[in-house]
Amino acid sequence: SSEPRSGGGCGGPAGRFPTSARSRGRGGGPGRPLLPLPSAGQRHRAPSTSPGCAATMASSEEDGSNGGASEAGEEREATGKRRRLGLLATAWLTFYNIAMTAGWLVLAIAMVRFYMEKGTHKGVYKHIQKTLKFFQTFALLEIVHCLIGIVPTSVLVTGVQVSSRIFMVWLITHSIKPIQNEESVVLFLVAWTVTEITRYSFYTFSLLDHLPYFIKWARYNFFIILYPVGVAGELLTIYAALPYVKKTGMFSVRLPNKYNVSFDYYYFLLITMASYIPLFPQLYFHMLRQRRKVLHGEGFSKFSSTSPAVQAAHMKQGSKEGSEYSSGFYNVFGSSINPFDIGGILLLEDEDELFVAGKLPIFSLDCATELAMGVSKLENVD
């Protein structure tokens, strides 16, 4: 028998009928509790219902009749709100990337015109510094975009990239005027300008869903030269600033002071330069891997028009990523996909799955093979 419930329930005593017994005759079907037969006096008597139970039953009936419609309405409202927010975010990002592309184009034109008129690089930084400071500082919004979730990028990675540029502009080149005419300043300025024009135009055309292949190609090829050139320019500029920083002690905090804290900007710059050694190769090879994925994916999609197996695998990945280009081929921008070639069989690596563009089965001790007419799918087995 069950313990009595405190407070009672709808209809009858506080106790509950045993649920262990299964009805075979008068309770209905299996799994229902065995109900007692009513007495003779109770058979013709209308069931009594307490006010609380009546309210509960009325509420239950109302929920049953209107709950589904209410939930559907709320879902439609939430979907509409997400759609409006999505459109608003897309509109803002499109405006932002167009503005940044235009800003860096203005910067590039100003640099070229200055050199053509003066015939020297000396004074170019002073000529373009206001435009550079404005648009490079404006890039802090990219961290905000990551924080509020309208751009699916790591806040940490974006923060490091943007802050390093801010550091070079404000705490190095702006603050240390004797180095503003160094060749190394022009070196990183040219690398930054071409990189940013390419990057922001890539984002703009992607948002407009009309990405020219040349912009995509430039995005994933120019960095091969521009990235090392930019890093070299930054390091040489910091190195040129070291004597001035050491002589003047700028931005340094000496002991004793009321906070009992010391900071030496000279050694901070040395540590910053040393940090390029482990960080540069990682970022550079990461970009090379991204380049291989993206550009190989483009060729892969074109080849897929003649290979049903490759096309099926490509369409599967495209549907997972949820985007499509005007050419009709699904993209392969996902970080988990990487085409490679083994023994003449073209493979797509998708996390723990391999799609084989061919009819030859591939067996491995760590894989289970599922053969199909056009595509073989291999899944890792733990």
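Placement of Cβ uses the backbone N, Cα and C atoms for every residue, glycine included.
Residues or ranges marked as compositional bias 'Gly residues' in TrEMBL: 1-14.
According to TrEMBL, the compositional bias 'Low complexity' annotation covers 32-41.
Feature annotation from TrEMBL assigns region 'Disordered' to 1-80.
Same-chain residues lying 6 or more positions outside the transmembrane segment (95-116) and placing a CB less than 8 Å from one of its CB atoms are 123-124, 127-128, 131-132, 134-135, 138-139, 141, 189-190, 193-194, 196-197, 200-201, 203-204, 207. Feature annotation from TrEMBL assigns transmembrane segment to 95-116 (among others).
Residues or ranges marked as transmembrane segment by TrEMBL: 137-160 (among others).
Among the features that TrEMBL reports, transmembrane segment is placed at 220-245 (among others).
Annotation source TrEMBL lists transmembrane segment at 265-285 (among others).
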Notebook entry, point to check: When you scan the chain for residues with a C-beta under 8 Å from the transmembrane segment (137-160), skipping those not six or more beyond its ends, what do you find?
Noted result: 89, 92-93, 96, 99-100, 103, 166, 169-170
